[in-house]
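*Asks:* Okay, handing you the structure first.
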Amino acid sequence: MAKTLGLHIIADLYGVNPDLIDREEDIRHLLENSVKAGELTKISSHFYQFNPHGATGVILLAESHISIHTWPEHKTATVDVFTCGDPSKAYRAMDYIINSLSPTHVDKKVFDRGIIEDSKGKDVLWIMSKAGCC
């Protein structure tokens, strides 16, 4: 049986209120609160305001990352949540973002990342846990 090193959730959010995704400050607040909702560990972050519309941002996590890119003129945001360790943390972070933005339609995909063999997986996961990742 194989194990995985992480869970990657990607989502395209359509029909989002443009006022919620136009400003860098709002995107920053949204992602930082999603980190808290997922009980994840923030290492650093970077955000950027586009002109005339939209913003992008990423939070580097001890567990991996959360990112968003927005197109308010199309009422659309794309979101990535990738974590190692407890998969429920990734789901909680993504659910927070989706619930906060209240899109009319969500196209969400979930991927297992870093599939490893059981015999090797125990060693790799143990090393990663000692490094504080998972």
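Quick reminder: no glycine exception, Cβ is built from N, Cα and C everywhere.
Sequence annotations record features per position, and here Swiss-Prot assigns active site, schiff-base intermediate with substrate to Ser64 based on sequence analysis. Annotation source Swiss-Prot lists active site, proton acceptor at His69. According to Swiss-Prot, the feature active site, proton donor maps to Cys84, an assignment based on sequence analysis. The feature pyruvic acid (Ser) is assigned by Swiss-Prot to Ser64.
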*Asks:* Three states by DSSP: which one describes the residue listed as 'active site, proton donor'?
*Replies:* strand
*Asks:* My understanding is the cutoff is Cβ-Cβ under 8 Å with a sequence separation of 6 or more in the same chain; which residues meet that for the residue listed as 'active site, schiff-base intermediate with substrate'?
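*Replies:* The list for the residue listed as 'active site, schiff-base intermediate with substrate' reads Gly6, Phe82, Thr83, Cys84, given in order along the sequence.
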*Asks:* Quick one: give me the count of other CB atoms within 10 A of the CB of His69 (active site, proton acceptor).
*Replies:* 18
*Asks:* Specify the count of other C-beta atoms within 10 Å of the C-beta of the residue listed as 'active site, proton donor'.
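*Replies:* Taking all protein chains shown, the residue listed as 'active site, proton donor' has 22 Cβ neighbours within 10 Å.
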